[in-house]
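Per Swiss-Prot, the features are:
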type	residues	note
COMPBIAS	217-237	compositional bias 'Basic residues'
REGION	1-73	region 'RNA-binding and homodimerization'
REGION	180-215	region 'CPSF4-binding'
REGION	205-237	region 'Disordered'
REGION	223-230	region 'PABPN1-binding'
MOTIF	34-38	motif 'Nuclear localization signal'
MOTIF	137-146	motif 'Nuclear export signal'
Amino acid sequence: MDSNTVSSFQVDCFLWHVRKQIVDQELGDAPFLDRLRRDQKSLRGRGSTLGLDIEAATHVGKQIVEKILKEESDEALTMTMASTPASRYITDMTTEELSRDWFMLMPKQKVEGPLCIRIDQAIMDKNIMLKANFSVIFDRLETLISLRAFTEEGAIVGEISPLPSFPGHTIEDVKNAIGVLIGGLEWNDNTVRVSKTLQRFAWGSSNENGGPPLTPKQKRKMARTARSKVRRDKMAD
């Protein structure tokens with residue numbers, strides 16, 4: 001096992017512990033709490049994959065951080081902070097929409113890279129809006145927190161979320177997953193639109209009809225999904 005992988009996990013565990021103390025003292029805002037919950041799931045998955053105990057890793061991570069801080073000058077810390085771009089947190093969804101439990105009548109789940117896509121196949125002939133909470137850096141989507149599909153009535157009918165055991169994803173991973181989600185919903189004659197905020201930071205533009213400009217790869221993937229569905233329907237007949 002690579003030593004850098006282990007030490008990175010140990011430091012992440014300790015930093016999560018510090019952030020948890022901030023939340024316990026009611027000093028964190030909603031985006032801070034969202035990231036804390038997401039990272040908790042990620043750390044559990046990484047710990048299971050690496051075969052490492054989180055509590056023990058936290059103690060070692062504390063020692064690593066304390067050693068670095070002891071050697072770090074205030075001037076070097078200031079220069080590092082000034083040269084590091086800050087990410088922003090974008091919220092399409094309210095806290096209630098983000099945390100609400102939802103249920104599927106005809107559930108379908110698909111893993112697309114490091115992202116999990118869930119769709120309720122029972123939903124038909126609805127107008128659906130995709131909304132997401134995510135972080136942005138350099139005016140581009142950095143990390144997806146959660147994406148959900150809402151009907152006009154406010155019901156949740158689809159979702160894209162990072163896999164806890166597979167941390168890290170790219171903007172292309174997110175766009176590919178959105179293409180799969182849209183394809184799955186549109187096959188049941190639903191009309192799907194993407195929020196202007198998500199269009200702007202994921203694709204760098206927005207369409208009047210709310211549809212994201214899919215890449216040729218995404219279009220081919222949707223076409224393969226369509227052909228597969230047609231074959232299944234024929235076999236069922």
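Positions of Cβ are set from backbone N, Cα and C atoms, glycine also.
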Would you kindly list the residues that approach the motif 'Nuclear localization signal' (34-38) from elsewhere in its chain, counting only those six or more residues past its ends and only Cβ-Cβ distances under 8 Å? 16, 19-20, 23, 28, 89, 98, 133, 135, 145, 162
Just give the helix, strand and coil counts over the region 'RNA-binding and homodimerization' (1-73), going by DSSP. 61 helix, 0 strand, 12 coil
Across the motif 'Nuclear export signal' (137-146), DSSP yields 0 helix, 8 strand, 2 coil
